[in-house]
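Quick look at what Swiss-Prot annotates:
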BINDING   15, 17, 41, 62, 86, 105  S-adenosyl-L-methionine binding site
């Protein structure tokens, strides 16, 4: 254990991945040979170094000054670019991010923020491989009628083909987090309506606002009740239906009929 391990900052969600086997598996989820890779929170550079063996460029975002200093000293590869910048403040719509893969062991406390940030510029990215909490991974891939089914499930599955690649034991990290993790992959779909993306994401949020109540309760407060009734008839939905009983395709159709 080095001084950076000992001084890992809980406030930044720092858990350094040291398991070489897991790192190699992450690097090989997608074929990143000669591809551009964006890394969020490179930490001490263990994953970064392996990515650089395959990728033609690795662009990393880090905000911890001590880690930035370490990375500058540790990695001299010309294909590596390190930015002292909060990823959540980056404009991902910029053309410079076109055709990147995102591969990262991210700070868990901002997982949803990171995902939604990428989702809002999904067309620039070829795919995502992220280390997340196991519980979050289960929410992302959850199907209807599951207790884990949520707006994150719908948003993720609407935009991408999602998969839990493998589970990672908490002891693969220094310091070890309290829970196990999972590596997820997302490959974005080609047929997504970019123009209505914000409206769609907001609709998912609205639908899950009162998940214990009938969905009509929420919809009638946000849409014309006649439109809601007609949409239900077209989809052959019961008035008693709750959001967790509808799959992604039904929710997307519901959005279409209401708009």
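Cβ coordinates come from backbone N, Cα and C, glycine included.
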Quiz item: For the binding-site residues listed here, 62, 86, which shows the highest count of neighbouring CB atoms within 10 A?
Solution: 62
Quiz item: Over all shown protein chains, what is the count of other CB atoms within 10 A of the CB belonging to residue 17 (S-adenosyl-L-methionine binding site)?
Solution: 19
Self-check item: DSSP-derived structure type at residue 17 (S-adenosyl-L-methionine binding site), helix or strand or else coil
Solution: strand
